[in-house]
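Asker: What follows is a single structure, and I will ask about it in a moment.
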């Protein structure tokens with residue numbers, strides 16, 4: 001069985017993330033979508049909310065060969081635990097590629113059996129980042145073309161709670 005991990009913070013999940021998930025799921029028997037739970041990051045959404053956004057969005061798109069989990073730790077260790085030898089990464093730009101190449105090199109130093117497969121983002125998603133989505137939403141902009149509707153609703157509610165004077 002060919003199993004792969006796709007790791008991200010998904011804070012929030014975007015159409016760019018979903019596009020990579022759909023394409024990766026077509027390439028493997030099982031895609032494990034890993035919501036990173038790093039304590040070093042400040043998230044807008046809780047781990048549970050991010051897990052829920054991913055689960056709901058994958059269900060809406062009928063992507064059934066996915067498992068969704070949260071994890072805080074080395075991706076290489078998780079890959080070993082899950083018997084996944086392939087790491088999926090989305091690439092939007094040359095800058096992304098350089099960063100992902102460095103991470104792939106480090107991962108293969110820790111485990112020579114780990115391969116990283118970089119999927120180039122579809123052109124219509126190359127400008128979308130979770131950071132930009134949050135900024136647009138923060139200032140009251142329309143994000144419906146950037147995130148699934150369930151994510152958009154949660155984003156609007158979250159932005160009502162954010163102190164705009166900070």
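Even glycines carry a Cβ here, placed using N, Cα and C.
TrEMBL feature annotations, pasted as is:
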BINDING   9, 41, 75, 89  substrate binding site
BINDING   9, 10, 17, 90, 91, 92, 100, 125, 126, 127, 128, 129, 130, 131  ATP binding site
DOMAIN    5-135  domain 'Cytidyltransferase-like'
SITE      17  site 'Transition state stabilizer'
Asker: At 10 angstroms around each C-beta, which of the binding-site residues 9, 75, 126, 130 has the fewest other C-beta atoms nearby?
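Answerer: It is 126 that, of the binding-site residues 9, 75, 126, 130, has the fewest other Cβ atoms within 10 Å.
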Asker: For residue 89 (substrate binding site), which residues of its chain lie six or more apart in sequence with Cβ-Cβ distance below 8 Å?
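Answerer: When sequence neighbours closer than 6 are ignored, residue 89 (substrate binding site) has 6, 100, 103, 104, 116, 117, 118, 119 within Cβ distance under 8 Å.
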Asker: From the binding-site residues 9, 41, 75, pick the residue whose C-alpha lies nearest to the C-alpha of residue 126 (ATP binding site).
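Answerer: Nearest in space to residue 126 (ATP binding site), counting only the binding-site residues, is 9.
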Asker: So, three-state DSSP: helix, strand or coil for residue 91 (ATP binding site)?
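Answerer: Assignment for residue 91 (ATP binding site) reads strand.
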Asker: For the binding-site residues 17, 41, which Cβ has the most other Cβ atoms within 10 Å, all shown protein chains included?
Answerer: 17
Asker: Could you check the binding-site residues 91, 128 and say which one's CB has the fewest neighbouring CB atoms inside 10 Å?
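Answerer: Each of the binding-site residues 91, 128 was scored; lowest Cβ tally within 10 Å is 91.
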Asker: Calculate the distance in Å between the alpha carbons (Cα) of residue 130 (ATP binding site) and residue 9 (substrate binding site), and round it to a whole number.
Answerer: 9
